[in-house]
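Among the features that TrEMBL reports, domain 'TLC' is placed at 60-264. Look at TrEMBL and you will find 72-91, 111-132, 139-155, 161-182, 194-220, 232-252 tagged as transmembrane segment.
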Amino acid sequence: MGIKSYQNPAELLVKEYLLADSFIPYTSIICGICACKMVYDLTQLFSSVYFKSYPSLPKIQRTEWSNRSISTFHAMFITAMSLYFVFWSNLYSDNQYAGMVTFRSSALSTFSLGASVGYFLADLGMIIWFYPSLGGMEYVLHHLLSLAAVAYSMLTGEGQLYTFMVLISETTTPGINLRWYLDTVGMKRSKAYLVNGVVIFVAWLVARVLLFMYLFYHIYLHYDQVKQMHSYGLLLIFVVPSVLSVMNLFWFGKIIRGLRKTLAKRQ
């Protein structure tokens, strides 16, 4: 009886407040930030026990080690959710629901975007705090653009489909982080490093080059719906993917040069 007396108010609190539609954006942001902190702490604990080279790393490298585990965890989560909403869910299907695709959202889609906002806030805070050790100005710009677009889509419900399309690009993050881990532990000349480089090349080509072409094509096909968005949302729809596309092509060029250099050394 004592447990039930606490259980019922707790369930009411969760259903009526924490998971109520009006509170989901804020609940999800808090969950995202807390998840980042949990992953960071668990990574430090796990790495100090199972990786012999971890304790001997400089302090800033240990910080980056844990920071990259956060971005890897976020990438796996948001990639899975984005692929689901873009390719498998009927939420944004042209045939399943009435109404414009640019204004569709659900509690799950909003929560997913909110958790991503929590990650970008936490990661941007770390980048600025340790600047420039965890990334230069291009990372700050990337996170600010991502925050603006994802937060707007989460709060208004506008353009969530295109936001998830862009977030699929996080597919490349685990490979990029694995490359750094392999380099840090002295495995730059290993076969795993080479294979990972090829995987990064393919993933980047698909998720950050070809998929962005599809995004712009989708916008073109649905422009009659896109132009109904508010001016700020319309600006984000065109500006953020365009800027990220330029940055992606710039980084893709560096990936190609790095892969060619690695392959040349092995011949």
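A Cβ is built for glycine as well, from the same backbone N, Cα and C atoms used for every other residue.
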Sequence gap of 6 or more, Cβ distance under 8 Å, 3 or more pairs: do the transmembrane segment (72-91) and the transmembrane segment (194-220) meet that?
no
Of the listed stretches (139-155, 161-182, 194-220, 232-252), which one yields the highest count of Cβ-Cβ distances below 8 Å with the transmembrane segment (111-132)?
139-155
Give me the stretch from 161-182, 194-220, 232-252 with the greatest number of Cβ pairs under 8 Å to the transmembrane segment (139-155).
232-252
Positions on the same chain near the transmembrane segment (232-252), where near means CB under 8 A and six or more residues out:
138, 141-142, 145-146, 148-149, 152-153, 156, 158-159, 162, 166, 169, 204-205, 208-209, 212, 215-216, 219, 226
Rounded mean pLDDT for the residues that make up the domain 'TLC' (60-264):
94
